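Trainee: I am attaching a structure below and will ask some questions about it afterwards.
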């Protein structure tokens, strides 16, 4: 049973996601930010990018580290307590049935003794027939007046609970079993291979904010990269001097353009599926509400 996304083994897509965002963050501060134009433009780009990448890193770590499992699977004694309750219920039911049987037998004996007293003038025949007819209803009425209170209380406490044979525990009705994590997840949405963890009730809000911040981060990334490439083409001579000053003379303009273009295209490609996933979850939230 997997507890969280940082538990070994790591999924290959999880490693890819961490590597891509680490590379994009490094490229932004080294190759993008110093070349976006004036100092004011640099401050604006830094003011947008830094909070976003901080949120992405923090939320990614939290969403992957959160255990979204159902509370019932964390209580291994639930199964034994459930069996003990069922055993006590069956024992109490059999005990009550025997009590009702003894009560019915006593009533039958009383009725027989009453019927044997035919000679007594104080006991008319119509009264005997009335007692004979009312005897079964009196037993039924007594049983209705003494319900199994413990059983009804247990049913109320068990409302909305289901028993998972795979987890061997009682879980909430909104929980579903994830075969990858081998556990029931409360409010199961899906198993995210990029997080290497399930997305459920506990970490869904964080996951949604993570997607939103990641999309904005990628947009800022490829917009900045596009601006840098345009400035590099328009001001080639000035850019060559800036590259020599900020990156060193050993780093050529061609290599700089290749690095910036590669990171920009990578950010654009990553934006498309992530934005589609974000729109899909927005539609789901609107549909539910």
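Just so you know, glycine gets a Cβ as well, placed from its N, Cα and C.
A quick note: this is a predicted structure, and the numbers were derived from the prediction, not measured.
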Trainee: Looking at 12-36, 87-111, which one is transmembrane segment according to TrEMBL?
Mentor: 12-36
Trainee: Take every residue in the domain 'Palmitoyltransferase DHHC' (163-286), average their pLDDT values, and give the whole-number result.
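Mentor: Averaged over the domain 'Palmitoyltransferase DHHC' (163-286), per-residue pLDDT gives 91.
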